[in-house]
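K.L.:
Sharing the feature lines straight out of TrEMBL:
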- 270-287: compositional bias 'Polar residues' (COMPBIAS)
- 1-256: domain 'Major facilitator superfamily (MFS) profile' (DOMAIN)
- 1-30: region 'Disordered' (REGION)
- 261-287: region 'Disordered' (REGION)
- 47-71: transmembrane segment (TRANSMEM)
- 91-114: transmembrane segment (TRANSMEM)
- 126-144: transmembrane segment (TRANSMEM)
- 156-180: transmembrane segment (TRANSMEM)
- 192-212: transmembrane segment (TRANSMEM)
- 232-251: transmembrane segment (TRANSMEM)
Amino acid sequence: MQKVMSISKPSQLEEDLPHPPPPPSSSSSSSYKLFSRRFFSLHGRDLFAASANWFLVDVVFYTSNLLLSQVLNLSNKPTSSTNVYDTAFEVAKVAAIVAVCSTIPGYWFTVYFIDKVGRVKIQIMGFFCMAVVYLVAGIPYSWYQSDRNKPSNKGFVIMYGLIFFFSNFGPNTTTFIIPAEIFPARFRSTSHGISGAAGKLGAIVGTVGFLWGTKRDEEQKDAFPDVRRVRVAFLILGGVCIAGVLVTYFCTRETMGRSLEENEEDDDICTSSAPGSPSASELPRITTQAIDF
């Protein structure tokens, strides 16, 4: 009799306890696919913001690099007396000065401030400051380039260098970081690649704009681009930077101070609250009841 009771008690306990809920099936909303309706509802705005910002900053950055040798002249020689070797040396000298004084310091400023100020604020600041520089350089550009056979205005050189400083202490760095943090792990590489591809499309647009902006004045046979075209190009680039400010402010989420795991948890919470998925209060609970024998 004691053996029978010892066997029946555990079996009765197992029968009285409720069974745990079945594991979620692969067709549940937590396993939504890339480019599905659930993906666009949760991450569509993030993908748009990352792609649009990368597109806009590459339009500005590549055009500015290509225009560098066309609008700056640090040589004391008249442009008519220089040969191709002197021109190549002057272009390399200008590029090196800009890199040392603007590009590299901009990166280090971002490294220091990105976890103190935040990605979104740095990106907005960079776009805004570039827009200001482009407008200040573009509106009176004909005055800056009024006499090209004399040494160029050093103030214009410094101002143009600020474009590269705030590009790297701004969207040219944060557009790489935000897509790597804001998307879930299973979509991160693909979403980052889509954003980068949008940026390369912006580089193509910037290159085509450079070809238009550097067209020479056929009547004057000038060695420098047409002043009116460069002026319009600067004003357009300023408008592109303002568009970057608006896209960043209204569409980009801040990821400062959050780990990748916390971003994954946010994705799980949003998915669990989707229509048709059970909430936490609706899930069955396992309770232990005291059974007296």
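Keep in mind that glycine also has a Cβ here, set from the backbone N, Cα and C atoms.
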K.L.:
Are there residues at least 6 beyond the ends of the transmembrane segment (91-114) whose Cβ is under 8 Å from a Cβ of it, and what are they?
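P.N.:
Result: 68-69, 72, 74, 122, 157, 160-170, 172-174, 177, 256.
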K.L.:
Take a look at 47-71, 126-144, 156-180, 232-251 and tell me which one has the most Cβ pairs under 8 Å to the transmembrane segment (192-212).
P.N.:
47-71
K.L.:
Residues of the same chain, at least six outside the transmembrane segment (126-144), with any C-beta under 8 angstroms of its C-beta?
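P.N.:
Distant Cβ neighbours of the transmembrane segment (126-144) are 56-57, 60, 153, 156, 159-160, 162-163, 166-167, 169-172, 174, 227-228, 230-235, 237-239, 241-242, 244-245, 248.
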